[in-house]
Amino acid sequence: MDEQQQLVVMQLIMAGGNAKGAAVEAISAAKAGDFTQAGTKLKEADQFLAEAHQAQTDMLTAEASGQHQPVSLLMVHGQDHVMTAITFRDLAGEIVALHEQIASR
């Protein structure tokens, strides 16, 4: 794995971790009744996921143009971070919505 590929993998890991962290903060804010902050944190998570998606797109574009991307354990780890963050972000949105429903009763 060359230096550029390592940078892309690190982008995946960081963006995935940051997205999950923002989603956790959204749940905490909703639990505290601060739905404005919860919405802000969900949008922040979406921005981090967009960064991860761009890194994935860059890798796929390179692969499609004939630049083979070797699959390493680090690459798998980075992709795992992103997929976990996507799932967590989706669940966080549902949890925030549930807290809003409960608070409105």
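All residue numbers here begin at 1 and follow the chain in the order shown.
Using N, Cα and C of the backbone, Cβ positions are placed for all residues, glycine too.
Copied over from TrEMBL:
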type     : residues : note
ACT_SITE : His77    : active site, tele-phosphohistidine intermediate
MOD_RES  : His77    : phosphohistidine
BINDING  : Asp80    : Mg(2+) binding site
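Reduced to three states, the DSSP call for His77 (active site, tele-phosphohistidine intermediate) is helix.
Under a cutoff of 8 A between CB atoms, and with a sequence separation of 6+ in the same chain, the neighbours of His77 (active site, tele-phosphohistidine intermediate) are Val9, Ile13. Its own atom aside, the Cβ of the residue listed as 'Mg(2+) binding site' has 13 Cβ atoms within 10 angstroms in the protein chains shown.
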